[in-house]
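> Quick paste from TrEMBL:
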- 25-44: transmembrane segment (TRANSMEM)
- 43-421: domain 'Cation/H+ exchanger transmembrane' (DOMAIN)
- 56-72: transmembrane segment (TRANSMEM)
- 92-109: transmembrane segment (TRANSMEM)
- 121-143: transmembrane segment (TRANSMEM)
- 155-177: transmembrane segment (TRANSMEM)
- 189-213: transmembrane segment (TRANSMEM)
- 219-239: transmembrane segment (TRANSMEM)
- 260-293: transmembrane segment (TRANSMEM)
- 338-363: transmembrane segment (TRANSMEM)
- 402-424: transmembrane segment (TRANSMEM)
- 475-614: domain 'Cation/H(+) antiporter central' (DOMAIN)
- 619-652: domain 'Cation/H(+) antiporter C-terminal' (DOMAIN)
- 733-808: domain 'Cation/H(+) antiporter C-terminal' (DOMAIN)
Amino acid sequence: MTVVCPAPMKATSNGAWQGDNPLDYALPLAILQICLVVVFTRSLALLLRPLRQPRVIAEIIGGILLGPSAFGRSQKFLHTVFPARSMTVLDTLANIGLLFFLFLVGLELDIRAIRHTGKKALGIAVAGISLPFLLGVGTSVVLRATISRGVSTGPFLVFMGVSLSITAFPVLARILAELKLLTTDVGRMAMSAAAVNDVAAWILLALAIALSGTNTSPLVSLWVLLTCAAFLVFAILVLRPALALMARRSPEGEPIKELYICATLSLVLASGFATDCIGIHALFGAFVVGIIVPKDGPFAGVLIEKIEDLVSGLLLPLYFVSSGLKTNVATIKGAESWGLLVLVIFTACFGKIVGTLVVSLIVKVPFREAVTLGFLMNTKGLVELIVLNIGKDRKVLNDQTFAILVLMALFTTFITTPIVTAVYKPARKAKPYKHRTIQRNDLDTELRMLACFHSTRNIPSMINLMESSRGTRSRGLCVYAMHLMELSERSSAISMVHKARMNGIPFWDKKRPDHDQIVIAFEAYQQLSRVCIRPMTAISALHSIHEDIYTSAEEKRVALILLPFHKHQRLDGTLESLGHSFHLVNLRVLQKAPCSVGILVDRGLGGATQVPAKDVSFEITAFFFGGRDDREAVAYGARMAEHPGIVLTLVRFLLPHHQPEGNNKSFMMMGMSTKNNNNNNKISNGDHQMTIGDVGMEDVEEEEKRADEEFLNKYLSSSAYDNKESLSSSLMIKYEEKVVGGREEIVGVMKGVSKCNLFLVGRMPPAAPLLDGSSSTDCPELGPVGSFLASSDEISTTASVLVIQQYNPAAAANNNNQLLHPALVVEDDDQEIDMSV
């Protein structure tokens with residue numbers, strides 16, 4: 001009998017107009033496949049986002065649905081989009097993407113962190129590997145007696161043990177970050193144990209591949225293992241010094257030479273070729289090169305930036321489709337097959353959960369946390385699919401066994417997030433504290449601020465603002481400087497998480513040789529000033545990072561949260577948006593903050609560098625229309641005026657019918673005390689105090705006016721000079737009252753005092769005349785005055801704007817009884833960090 005093989009596919013077509021079908025040619029068909037896979041898997045990821053599932057779940061499900069289990073049941077679809085003769089090209093592209101992805105995984109896996117794994121995490125990792133591996137070996141006996149008859153015993157036992165004992169480190173990191181558990185004891189132990197598990201899984205997989213060759217002679221497997229060991233020695237002694245040399249010649253702040261990037265990527269391919277020749281799969285060569293690349297310096301980060309988007313976004317999803325095309329759920333039919341599926345799922349879950357639970361209880365981990373650890377360690381992912389695909393390619397796993405194990409990996413990963421959310425709720429009542437505003441009765445108490453920033457661009461202005469706010473009190477200023485870092489689906493996000501976790505070591509650890517410009521800037525400022533700086537890091541998705549901010553503010557008992565505006569100033573003076581997501585972060589913090597909030601529109605306060613304390617010479621203008629927010633802004637300005645290099649100009653706007661008697665139009669005060677009333681919970685009227693809930697709207701308005709008068713009298717009247725000894729330096733405050741009747745007059749007054757360094761305004765003052773055509777609708781977080789100052793061309797474009805919203809206990813009353821989850825924050829503090837829940 002003669003068999004006619006189809007001709008190989010040509011690369012490109014002549015086009016449809018010349019009678020060619022593009023789908024009969026390799027390149028256009030591959031392009032269609034990639035586009036279809038990316039659109040389909042990303043759409044599934046959006047659908048699964050409300051369930052807080054990692055993207056790998058959507059990619060696995062998408063691969064299965066495109067295969068013979070769903071859409072592939074249509075032979076027309078399968079033969080048109082995924083014909084058999086195109087699978088060689090598809091598998092080649094998928095494996096190239098997988099090759100470089102494993103290189104990225106190696107780049108992100110820091111062996112130094114694994115060497116310092118604690119005893120608890122190491123014990124949990126060993127238990128999480130050994131018991132599932134033994135149960136996998138037992139399950140393999142049942143499968144060989146039923147649906148896997150005739151397969152080689154040794155390789156099948158190892159493949160089953162490995163597939164049941166794997167924990168997916170990247171997937172687990174994203175789940176922990178999504179649930180905000182990375183900084184808890186549970187998250188620390190889970191990440192450390194998963195890193196150990198990851199390395200052990202690759203060693204076991206190498207053993208399984210060595211045993212699964214077509215030649216059954218044990219000498220061949222021995223030669224494979226010995227040659228593999230020789231390759232590892234060569235990589236450590238020869239390749240590692242070469243990579244270290246390139247890393248040393250790539251200093252911080254300078255572009256990496258294109259030759260070094262090309263040489264490293266070529267080395268990845270060459271190592272893959274070498275390990276494929278050895279017989280342990282090309283993936284191992286790429287993985288080893290990723291591990292031996294030096295992690296310090298910018299070299300590894302640049303490599304990740306060069307390849308991760310192309311690999312993770314386009315090529316890697318092809319691997320999931322390639323797996324899905326091999327997965328046919330229809331092969332699981334009959335009571336026996338479904339019973340075996342239940343058995344495999346039960347065995348995988350039982351081994352991981354019980355093994356982890358027992359060892360966790362032995363090392364005195366609380367029961368609820370031990371159960372949570374068990375489910376977290378049961379997470380599967382890409383490595384599981386790699387094991388199963390290699391087993392299928394090596395004829396160790398048949399179609400039915402392969403489908404059962406793929407569904408097992410999908411099920412165990414899918415249940416992790418909902419079960420952990422239900423079992424482990426690290427929630428506690430927020431501890432009440434008194435000083436939630438800058439305006440307070442006792443000014444000698446410490447002022448705590450939480451200063452947030454996105455990048456190094458915000459740091460000079462933030463430090464200059466801290467220097468201006470330090471005051472002259474015996475108990476001065478404590479600033480928690482929080483670096484807001486977005487956790488995305490990109491591969492490098494896991495590297496960031498891994499550095500932040502480091503088995504509980506702070507993100508900015510002084511013992512590590514990392515040269516972080518942010519750390520250096522804050523440490524240098526702290527040494528040169530009396531301000532206490534405590535760096536922190538928040539790692540979360542932008543849609544939930546506001547929770548980290550206000551939860552940290554609650555835990556650190558801060559009085560003011562400083563946020564950067566979502567727009568930064570370009571060289572031509574215009575404001576350029578950083579993105580709508582950053583805008584939403586500020587709005588959400590304003591809504592639920594447990595203290596006062598300030599938003600800084602940065603136009604280079606003090607210039608592009610830190611200004612030394614002796615050289616500080618700032619002019620600050622505060623506009624006072626009245627109301628809670630304006631009082632808070634003036635209270636903050638008065639504290640800033642304690643600095644010997646700062647002059648505060650306080651401009652009060654009055655309507656024609658509201659002119660208090662006895663007030664001068666313009667005068668200057670020096671050496672006055674800034675003692676004032678705390679209006680957090682009540683509106684004061686002499687000796688009588690009344691809550692807002694006790695009066696109507698008209699009474700509230702009248703009480704607000706009285707509160708404004710009392711507040712300013714405390715600052716401006718002669719009775720404010722009683723406690724001069726509490727100040728180590730005099731205050732320079734200029735006070736002006738301006739009677740205005742409309743927008744034009746207000747703008748005219750603002751122009752007259754616009755030659756300053758910083759505007760201080762309240763977010764929501766009763767500034768009705770200014771609302772007429774001047775407020776910006778796209779920046780509600782700045783309020784009418786702040787929006788006008790930030791966006792108007794009529795006022796100075798060189799002065800920064802700080803918009804302040806005072807904490808309102810009445811508005812926050814609905815949130816007082818809510819449970820707060822620990823924020824994803826890593827603090828740099830000399831004291832021991834208590835991460836218990």
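A Cβ is built for glycine as well, from the same backbone N, Cα and C atoms used for every other residue.
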> Within the same chain, where does the transmembrane segment (92-109) have neighbours whose Cβ lies under 8 angstroms from its own Cβ atoms, ignoring anything closer than 6 residues to its ends? I mean 6 or more beyond.
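For the transmembrane segment (92-109), the list is 30, 34, 169-170, 195, 198-199, 265, 268-269, 272, 282-283, 286-293, 295, 300, 303-304, 307-308, 311-312, 314-316, 318-319, 321-322, 382, 386, 491-492, 494-495, 498.
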> Considering only Cβ pairs under 8 Å, which range in 25-44, 56-72, 219-239, 260-293, 402-424 makes the most contacts with the transmembrane segment (338-363)?
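The stretch with the most close Cβ contacts to the transmembrane segment (338-363) is 402-424.
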> Answer with yes or no whether the transmembrane segment (402-424) touches the transmembrane segment (260-293) by the criterion of at least three Cβ pairs under 8 A, sequence separation 6 or more.
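No, since the transmembrane segment (260-293) and the transmembrane segment (402-424) share fewer than 3 Cβ pairs closer than 8 Å, they do not count as touching.
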> Near the transmembrane segment (219-239), which same-chain residues lie under 8 Å Cβ to Cβ, leaving out any that are not at least 6 residues past its ends?
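Here the qualifying positions are 206-207, 209-211, 213, 267, 271, 274-275, 278-280, 284-285, 288-289, 292.
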> Sort the residues of the domain 'Cation/H(+) antiporter C-terminal' (619-652) into helix, strand and coil with DSSP and give the three counts.
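Across the domain 'Cation/H(+) antiporter C-terminal' (619-652), DSSP assigns the residues as follows: 13 helix, 13 strand, 8 coil.
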> Residues sitting near the transmembrane segment (402-424): Cβ under 8 Å, six or more positions beyond its termini, same chain?
51-54, 56-57, 60-61, 64, 163, 168, 171, 175, 178-179, 181, 186, 323, 326-329, 331-332, 337, 340-341, 344-345, 348-349, 352, 368-369, 371-372, 375-376, 378-381, 384-385, 388, 391-392
> Give me the mean pLDDT over the domain 'Cation/H(+) antiporter central' (475-614), rounded to a whole number.
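So the average pLDDT across the domain 'Cation/H(+) antiporter central' (475-614) works out to 73.
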> State the residues, same chain only, that lie 6 or more residues beyond the ends of the transmembrane segment (25-44) and have a CB under 8 A from a CB inside it; answer 'none' if no residue qualifies.
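Tertiary neighbours of the transmembrane segment (25-44) are 9-13, 55, 58-59, 61-63, 65-66, 81-83, 86, 89-90, 93, 313-315, 317-318, 320-321.
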> Counting only residues 6+ away from its ends, which parts of the chain sit with a Cβ under 8 Å from the transmembrane segment (121-143)?
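The answer is 156-157, 160-165, 167, 188-189, 192-194, 196-197, 200-201, 204, 340, 343-344, 347-348, 350-352, 354-356, 358-360, 362-363, 373, 377, 401, 503.
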